[in-house]
Amino acid sequence: MLDFFNQATIFGLMGGLGLFLFGMKIMSEGLQKVAGDRMRKILAALTNNRLIGTFVGLAVTAIIQSSSATTVMVIGFVNAGLMTLVQAIGVVLGANIGTTVTAQLLALKITHFALPAIGIGTGLKLFARSKKWIYGGEILLGFGILFFGLATMKGAFDPLKGSTAFHDFFLMVGDNYLLAIASGALLTIAVQSSSATIGITMALASSGLLAFDVSVALILGENIGTTITANLAAIGTNLAARRTALAHLLFNVLGVLVILLIFPVFLHLVDSLTPGDPNFVIRGTADAATFGAAIGDKPNIAWHIANAHSLFNIVNTLLFLPLIGLLAKLACLMLPGKDEMMEFHLKYIDNRVLNTPPIALGQARSETKRMAHITLEMLDGTMAFFRDGNEKHLTALDKQEEIVDLLQKEITDFLVNLSQKSITQDMSRDVASMMHIVNDLERVGDHCESLWKLAGRLRDLRQALSPVAVQEIEELSQKTRDFLAFVIDAFDRGDTTIKSKSSFMVGVVDDLEDTLRNNHISRLNTGECSVQQGLIYIDMLHGFSKIGSHAFNVSKAVIGDK
C-alpha cells in the first residue's frame, strides 16, 4: 500500500470533509431562512433578458451556496414548463459565478475564528429569541464548522509533506494537465460538491503538496464534475430539462477547453491579479511566524486558487452569454426530438428541490393552484353533464378525478417531506395550511363525482326532474360555483382579506339549500315529484352544500384560520 494512505490521513480527511459538508448545509439553511420568500420572488421575476437571468442565477447561488442545487432547481422549472431552455442557460451561467463566492470565503485566512464562530453561533441558536438572531446563529455556526472542517483536512495532509509516493503522484499529474482535469472531475463526481473538492484542493495546495498550475488544472476539472449532478437530476425529466443539463455540461467543458488553449496566459493573468507568489514555500521559523503558518506551507496559493476559479467562470460567462442561442441549438442537435404532453404527472413539484424549502414551498403552492382549477373545471363539467347527458363529459370528468386524486397524494407526500426539513415557523404554518387546502379540494372532487353519478342515475331512470327542480339545481350550482371560484382566485392572489365575504357567501349557499329542501318537501306533499326523483334531488342539494363547506374550509386556510 502506498505510504500516504495512513490511518491518520484517511480519518482526518473523512472527518474534515464531513464537517465541511455539514457546515455548508447549516450555513445554507440559515441563509435560506434569512432570504425567506425573496428567493422564490427573484426566480419569479425572471424575464427573457439573458443578462437578468444570469444575475438571478448568481444571486440565488450566492444564497444557497451551491451551483448544483440552483441548476437542479432550474431543471425542475424547465421540466414544469415555467422556464425556457434559453432562460435556463442564462441562469446556469450566473450560478457558475455565484458558486465562486464559497471559494473566496475559503481563501480568507480566518480559520482561527472557526471555534469562536461555532461557540457564538451555537449560543445564538440555542438562546436567542428573535428569529433573525437564531438564523444568524445558524449561519455563524455553519460558517465555523465549515472552516473547522477545512482546517482539519489541511491538518490531515500535513504529514504527507515528506511522502515520496505522494509527491511522485502529483509530479505525474503535473506533467499531464488532462490527467489533472480528469482527476478533479472524478473527485467532484464522487463527493457531489464542487465547493468541497475545491476546499480539498486548497488544503492540499496550502500544505505545500500541489503546485499552482496543477491546482488550477484540478479546479478546471472540478468545474466539469459539478455538472454531472445536474445531468443525474435530469434523468426522468422531459426533453427540455435534459437539454438544460446537457447545456450546462457543454458550457463548462467548452470553457475548460478554451482555457487550456491559453493556459500559461490564464495562469499569468491570475498571478498578476493576486498579490504574492503562489508557489512561495515557508522555509524557516521567521516566515512561519510572519505568515502564521507551518514550515512547508504555501501561504499565498489559496487566494490564487480562489481567483482562478472565479476568473474562469467570469470569463466563461462573458464568452458564452452572447452565444446562449447557439448553445441551446447545440443541445437540441445533440438531444433531438419533441416532448409529449403528459397529463398524469406533477407539473410544478420536483422532489430534487426539497433541500431548498422556499423554492419547494412555491412549487407546492403552484401545484395546489393547478389542482384547485381542475376541481373548478370538474364542477363545470358535472353541470354540463347534468344539462345534456353527453357521455363525452364523463370521459373528461373521470380523467380529472384521477388527476385530482394523484395530485392530492403527491402534494401531501411532498409537503410531509418538506415539513421534515429545517424550515421557519411561518413556512411550517404555510405547509399545514396547504395540506388542509389539498385535502378539501380532493373532497370537492369527490362530491363532483357523486353529483355526476346522481345525474347519470336520472338519465338511466329516464325520469327528468321537474322544470322547477332543474331551475333550483341550476341556481344552487351557480352560487356554489361562484363561491368556489372566489376562494380559488383569492388563493391564486394570496388574498388573506376574504374572511367576511367568505362567511357571507357560504351562508348564501347554506340558506339556499335549506330553502330548496323545504320547497322540495312541499312538492312531494302535492305529488309534483316522485319519491325516487326526490331522493336524487335531495342528494344533489347535499352535494352542492358539501362543496360549499369545503370551499369555506379552503378560505379559512387561505386566511390562516385553519
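Placement of Cβ uses the backbone N, Cα and C atoms for every residue, glycine included.
Feature annotation from TrEMBL assigns domain 'PhoU' to 369-451. Residues or ranges marked as transmembrane segment by TrEMBL: 6-22, 42-64, 70-94, 133-157, 169-191, 197-220, 249-270, 318-337.
Counted over residue pairs 6 or more apart, the CB atoms of the transmembrane segment (318-337) and the transmembrane segment (70-94) come under 8 Å in at least three pairs, which marks the two as touching.
Against the transmembrane segment (197-220), the recorded stretches 6-22, 70-94, 133-157, 249-270 differ in Cβ pairs under 8 Å, and the greatest number is found for 133-157.
Looking at which of 6-22, 70-94, 133-157 has the most CB pairs under 8 Å to the transmembrane segment (249-270), the answer is the stretch 70-94. Under DSSP, residues within the domain 'PhoU' (369-451) fall into helix, strand and coil as 76 helix, 0 strand, 7 coil. Looking only at the domain 'PhoU' (369-451), the predicted model's pLDDT averages out at 90.
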